Every structure is written in C-alpha cells, then in structure tokens.
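I have a structure I would like to understand better, so I am pasting it below and will then ask my questions one at a time.
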Amino acid sequence: MTSKRPGGSSFQPEVKRKRESDEFEQCYVSRFENELPSVPTIDKTGWARPAVDKDLGISKSIACQILEVETYHEDGSATSYDRTNVKLYGVTKSGNSICVIVTDYFPHFYFQAPQGFGVEHIGTAQSAICNMVAAAKRRGGSGQAQLPGKVVDNLVHVEIVHGENLYYFRGADTKVPFVKVSGSTEALHKARMELKNGVNLMGKGPVNVGNLYESNINVIVMFLAKTNIVGCGWIEIPAGKCRILSNSEKSSRCQIEVTVPVKNLIVHESDGEWAGIAPIRTLSLDIECIGRRGVFPEAIKDPIIQIANLVKIEGEAEPFVRNCFVLGTCAPVVGSNIIQCVNEKVLLEKWAEFVREVDPDIITGYNILNFDLPYILDRAKVLSLPQVSHLGRQKEKGSVVRDAAISSKQMGSRVNKSIDIHGRIIFDVLQVVLRDYKLRSYTLNSVSYQFLSEQKEDVEHNIIPDLQRGDEQTRRRLAQYCLKDAYLPLRLLDKLMSIINYIEMARVTGVPMNFLLTKGQQIKILSMMLRRCKQNNFFLPVIEANSGDGEGYEGATVIDPIRGFYNEPIATLDFASLYPSIMIAHNLCYTTLLKSPQGVENEDYIRTPSGQYFATKSKRRGLLPEILEDILAARKRAKNDMKNEKDEFKRMVYNGRQLALKISANSVYGFTGATVGKLPCLEISQSVTAFGRKMIDMTKLEVERIYKKGALDGKCPADAKVIYGDTDSVMVKFGVETVAQAMEIGLDAAKEVSKIFTPPIKLEFEKVYSPYLLINKKRYAGLYFTKPDVHDKMDCKGLETVRRDNCPLVAKVLGVCLEKLLIERDQQSALDFAKRTISDLLCNKIDISLLIISKELTKSGDKYQAKQAHVELAARMKKRDAGSAPRLGDRVPYVFVAAAKNVPAYERAEDPTFVLQNNIPLDTKHYLTNQLAKPLARIFEPILGDRAEKILVEGEHTRVRTVVQSKVGGLAAFTTKSATCLGCKSVLPRAESENAVCKHCEPKLPTIFASRMNTMHELENHFGRLWTECQNCAKTMQDKVNCSARDCPIYYMREKVRNELSEASAVIERFGDPCFQAPTK
C-alpha cells in the first residue's frame, strides 16, 4: 500500500535528502542555537584606537595625514544660502582618527569678461546669474521656491580676476579680465547650464559668455589645488584655530571632529619630518557563504557563515588583530580569536560593530569590491539589518553599492562595483594587481605564488556546505581557509609595497588615493597642471570631448634590425627620460604653442620636425617643462635620500616616491596625446615623437661617424655599426671581444654623442648584451651586463617567455633554449632540447598544466564579432554546471582537444579538468603547429637559417605519436569496448570477457599480475606524494585534501594520477582472488 504521507514515494530517500538540504540552507539556525546556549562575550582588547590627548586643538596644534576627501552639499534656508562643505578624513601622529570640516570653500569656474565689462558691472552680473540659478532651482522642484531676496542674491558670488587661456602664446604679458563665478556645487551646475543661453551681465541685454574655463574640473581636485593640500599629505591646525565638536555635535564616528576655515590650515610639504606615514590601520577581510548545490552563492538566498578579519598598522610586521566570526561552534585556531555566533543576523551585527570599533582607514581583501562587500551589504538588506550597512565614518550614512563601468587602455573595459564607505578607502588587491601587473592568471592562489612563492588551499564553493554541516573541527578548517584568504592580501600589499607606492603617487600628483584606485591616468597630470596654472594665473578651457576617431600621428622610430646571433658584446646607449627631456629642452607646452611663427626663428620661436611652432624660453618658460623639471629634480632627491637612509621602512617610502615621480614624468607626454581627454594637444605629442625620431637617427649617424676603425687611440678594432634602434635606445656593435672593452667605448660614446643635443637631453650608457640574439623589431634576448665580470640577468623583450597569449609550455621551452644558447652557449644542446620537447608533446608526455591557455571573459558571446574559444567553452560549462562555470571578469582556462578535420578551434577548446576526468585526447598537432613551432623557429632562424622550422617540426623525433582513447564524444557513445588480454592484447571471446588473460597467456599470469601490481604501487606512491604535498600546502596533515586550485600544476597531476590509479585498480580486479597455481615443471 502506497503511503499518502509527504515524501512517501518510492524516491523517498532522495526527496528526504533534498528536503534536509534545503532546510539546512534556508533555515538551519536551530541546530547551532542548541550548540550555543549563550553567546560568548567578545574580547575587544586592543581593537580601539589610542585615547585622544585632551589638549589637542586647545593648547596643542593638530597635525594629521589626510587620507580621504569628501564634499557634501548643504541646502540653504530662509536665513542661509547653499554651501559645499569639504570633509578631510585622516590620522594624527598618535593614531587618532580625525575629520576636518572646511566650511568656507566655494567651487568656481571662469569665463572671459565681455568687451567693456568692468567692476561697475559686478553687481548687475551677480544679480542676473543668481536669479537664473534661483529660477532653475524652482523649475527643478527643489522646495526652495520662495527664497528671500538676500538668499537669492548670494547663491553665487561674482568677481573679476586677471589671467589668460592656457592654450597658445599671445605675448609676454597678455593677462586679460575673466569673470570668476563661485558658489555651491549645485548652484554652479545650474549656472553653467543657464549661461549657455546668454545672460544680462551689464544690464544691456543677454550676452553670450562663450567658452567656460575649469567648469569640468572635479570639485575635490579643485579644492586641493587651491589649498595646496596633496593626497596623503600632512596638514596642521594651530592651537585655538578650530572649533572642536562635542560627541553630540559630531556627524562622524571619528575620535576628533573639528570645523576650520581654509585660512587656518597649514599645509606641509612631504619632505623631512613630514615625509613619514601616520599609523594607518588596514583591515583585510574575507567571507565564506554557503550556496545551494550547483549554484554559485547568491546574496538574496544564501547566508554568510564566516567573516575573517586581520588588522595591521602600516609599517608594522604583523597584524595586531586576527579574528573570525563563525556561524556555529568552531574549534580554536592558534593565534586567532574565534567569535562564535548563534545565527547570521548576530554574525553580521557583531562584525559591523567590530568594524566601527576597530575604525580602519583602509579596507582591503581580494575581490572585495565585486564580491565580499556587496554580498555583505546585500545580505544586510535581505535580513533587514540597516545598521550593518553603516560601515563608514559618517553616522547617518550607510554604504551604497553601484555599478561603475570603467574603460582604459591599461585595464580594458570592465564593470566594477562602486561602494561608498565614507571616510575609508577600499583598496582591493585584485584591482591593484589587474592595474599594475600583466599575469597569466589573477586568482589569489596564482598571484600569491607569483609574488610570494606561496600557495593556498582553494576550496570549491560546492564543498563549503559539507564543511559547515560537519562538526567544530570541519568548521575550524573552514575558518583557517577563510583567515588565510584574509592574510594573503596583507602579505601581497607588503611585498608589492602597494599602499606606500599609492601614498607617494597621491603626494606627487596631489589627488586623493581613492582617485588613483578608481579613476584613469589623466586625473594625475590634470591635477599637477591645475596647481601650476593657479600659481601663474592660467585658466584651463573646457574642451568638448570627441569620439576619439581623430587623426593619429607618427610614433617613435625603429631602426631596422640587422638580425642575427651576436657572440660579440653589443653596447646599448639609452636616452635618459627621453620624452620629458625633449619637452624641457625645446620648451614644448600649451602656453608656448604658436598658431603661426612670430619673430626670428631659433631666437623667438622654433619649428619642430613635425612642423609646429613654439616660443623659445627667452619669450616664456612653459608650464609643462617647469613641472617636468621639478619632478625630475624631486626624483633625484628621493633617490639620494633613499641611498643615505638607514631605516628600512623609510627607504621603502623613498623608493615608492621616486617610482611615483618617474611614472608621473613619463605620463605627461601621453596626457597631451589623449584625444579623449581634458586637455588634448596633438601639436605637443606630435613634436615630441618627431624630435625622438630625429635624435635616434642623429645618434646612429654620429656613432658610426666617430667610432671608425682605429678611433679612440686604437681601441676601436673595427667600424662601429648600429644594429638596432628603438624609441629611446640604440644597440651598437663596436667589434670588440670583451664586455669590459664594450663598456669603455660605450661610456665614451654616450659622453661624446650627448654634446650634439640640447640639455637636459642626455645619452647614458648602462648595459652590454653578450651574447645577443636579435630576432626582429621589438624582439630580442641577451645576457644583460652592467659590470664586466658577471651578467645580471637574461633579458628578453617581445618573446613568448614574457607574453601571456601562449600556453606555459612555450615560455618554458623558449626559456630553457635561450639559457642553453646564451648562458651555456651550446647551440646543439638547445636544438636537442627543443626536439625532445616536441617528441614528448606528440607522445602525450607533457603535463596538461603546461598546455593551458587562459583568457578573460569580458563580455557575453553575442557581443563578440567572431566566436572565441574561451567564450564558447564558458557557455558549454554553464550548461554542465552553472554554479562552477566562469562568470564575466573571470579568466577561462582551456586546452585544445583532438577532433575531426576542419572543426574550428573554438569548438575544440575544453575545460582541462573535464579533459582529465574523461581521458579526452589533446590536439598535440595543434599545439605544435600553432603554439610551439613559430616561436622556436624565430629563435633558431639566426642560427639555422630559413630551414629552422622544418628542422624542428619534421624528422625522426616527430614520427612516434601516442593516441589516447576518449571516454566521451566522437564514436565513444556508439561503440562497445571489448575486453582484451592483459598479456598479448588480443580480444577475448565474449564467454571469457571477465578473465584477465587469454588461454595462451595463462602460464604467464603470475608475472603479468606482478607487473600490474607494481604499476599500481608506483601510482599509489606517486599519488601519496602529491597528496602529502597538498596537505603540507593546506597545513592539514591528517585531513582530506579539498583543494581544487586550477592554477596549480599539482592539482592537475593529482587528478591525472587519480584517474590512472582508478584504471589500474579496475585492471587488478579482473584478476580476481590472487591465488595462482605455480607452473608445472
């Protein structure tokens, strides 16, 4: 009789398991409530910041480092007008958090005063613009329809200033009157819109004000430029010059909150005493959530089960807080505080309380911007926990998540999340690594291995529910995993000096650190330009952005290479800071650009090789050359300070500064050439590259003219020959035999050739290559010498050893071959190794991890013009298992598998794990033809000639190939596999299909069995070693290995050996009970 009860069907066990799973995932709190009858008291010792000195601001001045800058709009009322306040968040020297509110700053813009406009017209102009703004506010429904006349008259402020347009030289002293309009950001926005239609400035009817100036400049950038405050710089407020707010008056959670007028701020240069860094607090976090089977966790349904946190003070070696908020019971973790929570609501509330208590300046982690933080905030919404979103320093403002599309040449196009955590900087390590480094893979495991030589256990989200459902020991393991994921980002920040480098970049360019993390490259140069313009009374015009399809310009010169393998030393002459030096030497700037020649050529103006005209230094010193001179001088000082400094942390700070200065100097040229930018000026960028091309050609001619055979008192054994030149360097063969001789002549050549150029343009000699393999333009390799005794490194440019668009096998093989060619100088050994690798590839002896190619999934398949291998594979993987399939922004690893002839490449791409599990044969011919052959041929052509590729891909080493039998696809689904004899491989009759061997091989059965057992023991030993290696990596000596790190070669080895072991075990089972009769004599 069939039961009517729910779940009483024949599928009852499956339904029961599903129901239990759903109940656990959706409402599994009761079990943990039983385990936690009372929530333990949280140990907050050491969380809070130091106590505030009561004399600060009263009898002692307040000095603080500014980390974050915000503006907020304050609406006017019946007795006051709109204003824009600026909040500066920072840290004092003693480690107290502070919020400085500047209440008397007004943003502004300019327009050129109309003919006849004078001081007597200011009142009329102000009244006209104020009335326009008031009318616009009424139309906008701002709720201020009946503003009193006094308030309306003060919506904006108008005054006359004198200056000139940044673009073009018009004479030595051509300052003209401009109208400056100041007010709140909202008032200025409405004024800017209304001015397009004309305004009655002089009481004689509407006047078209023409082009506006600086109306498109970010308010924060404008404020910092006006006050000379720089991002991450130090300011000081003298004692008694500010108003200290009481706790009831504070709008922020900072320990100190003051209001101060702009005039009372003392701004310090980032040198000497003020070059240091305050005790900045960095919080690194990682979350774990429990998803449903086959579905990646979704915040609307899937709860957070753990949040790991580490807090570190910049400059200290180790974190001073290590804790993990855990849902349920959890065994202790050495060195960490485990905070057990009865349910997810308690977990989130207590974690948010922890963040507010520890009060970090920087929040970091790996992919926290696009996953961890949005997930936490979304869960808080689902659970109706508004206080959890209050993670910032503003009391009444919660954190908000938005989508932010960014597009740049450096990072490509992508959509990130933008999160406002007021007063704190979100420093996502993933975003920093994406911006600053070109890697094959950007998983935390891969990046950690790249920079720290350390790996971590990578647990798939499908395994996390099992660990959470287990006991306190399995949850302890999950906590260890979570803590490691929070710890590694801190290690990476220290190793890469990312925070120090970004602090110094903020100081050099003047913009807040947050701008460097979230905005493009141009904001840095724009900030420096704006500051210099303020000092010299230049105004930046608003340039309408175009589509970027304007005409380009000719780039740098590349002297055609004389290709070959050079056993003799090749000297390299480099121009020091070429493009900045050209701009300084020839006074190239917006302010010196001429529409037509004026005066005497080379005295009053110069004509550049590209046909543009610029005023000489005698007429006007350009702003860009002044900026660049200051940057290069500051870099020289920073390098000297670094050289003389004994303290390691201060040395790191100086190194970060000199790197920031170097990057900034090299960015100025690109800023002028950006057609889609704030201040494009192709005349400058065209002239710079034209001068560069001319100088490379001049260098070639001069070197070959001076260093003839017998020159330099007979030290030149042959005529010098420039074999290659590229952008800012030339490679010269002087015909000498030793590196020391090449260095001596190279130093002399740099000194002599520099004489023909205008200072500060200077040739420098730094290195010699010996030997040198010149393959083509921008493709070469050689041993790099800066001292004559021993080489510094093997330097490769443009070769597959440093490129990411090939599989790792290519880089590995080319690297070994180059070592044999350049270091061992054994050409035959290099060729033999290449042939041996090709043979191993065709015989399926190459580990699959070396054949994986990965590409980023930046958009869905229908948005690509042609089908892409990684996009099509991602779609197939989604159909198999949507939960583990790659998502937008992920890098998709794939290999090429064998298929029928003429099947396109995008259909032959497959997931490496799927290939291993199903024993799918790889397309080794594709790897040889499309990946390995041409790169190898390129490095062997200078040695073997045009036949290099034929020698490599044909011959005895390519005749033996291994064919793998696939378990899926092709004919595998339509064929039945017949049992074969394990001895002679003959097909067994159907009646004997369960036997291990045929009748002819039965006498050899013990020998065959022993051989197969040996094979299985070898595989077991191999698997055991791999398993132990993974346990050591995960620090779990006795637990099961759950790691599935796709970037780790051990993972693929382990999976391959696991499959081989399974097949070997099946073979052993065919022998039945191992009781064999000894053969009769």
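Glycine is no exception: its Cβ is also placed from the backbone N, Cα and C atoms.
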If you look at how Swiss-Prot annotates this chain, which of 175-193, 669-687, 992-1010, 1030-1048 comes out as motif 'CysB motif'?
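Going through 175-193, 669-687, 992-1010, 1030-1048 one by one, Swiss-Prot gives motif 'CysB motif' for 1030-1048.
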Which range is it, out of 309-329, 351-371, 771-791, 981-1001, that shows up in Swiss-Prot as zinc finger?
981-1001
For the zinc finger (981-1001), give me same-chain residues lying six or more residues beyond its boundaries with a C-beta closer than 8 angstroms to one of its C-beta atoms, as numbers and ranges.
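Answer is 1008-1009, 1012, 1067, 1070-1072.
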When neighbour density is defined as the number of other C-beta atoms within 10 angstroms of a residue's C-beta, which of the binding-site residues CYS984, CYS998, CYS1001, CYS1030, CYS1043 has the lowest density?
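Per-residue Cβ counts within 10 Å for the binding-site residues CYS984, CYS998, CYS1001, CYS1030, CYS1043 bottom out at CYS984.
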Cβ distance under 8 Å to CYS1033 ([4Fe-4S] cluster binding site), same chain, sequence separation 6 or more: which residues?
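Sequence-distant Cβ neighbours: GLN455, LYS456, GLU457, CYS1043, ILE1050.
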Fewest other C-beta atoms within 10 angstroms of its own C-beta: which of the binding-site residues CYS981, CYS1048 fits that?
CYS981
Let me know the model's mean pLDDT on the motif 'CysB motif' (1030-1048).
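Overall, the motif 'CysB motif' (1030-1048) comes to a mean pLDDT of 75.
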Helix, strand, coil residue numbers for the motif 'CysB motif' (1030-1048) per DSSP?
5 helix, 1 strand, 13 coil
Using C-alpha atoms only, work out the spacing between CYS984 (Zn(2+) binding site) and CYS1030 ([4Fe-4S] cluster binding site) and round it to an integer in Å.
38
Express the distance between the Cα positions of CYS981 (Zn(2+) binding site) and CYS1030 ([4Fe-4S] cluster binding site) as a whole number of Å.
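So the Cα of CYS1030 ([4Fe-4S] cluster binding site) lies 37 Å away from that of CYS981 (Zn(2+) binding site).
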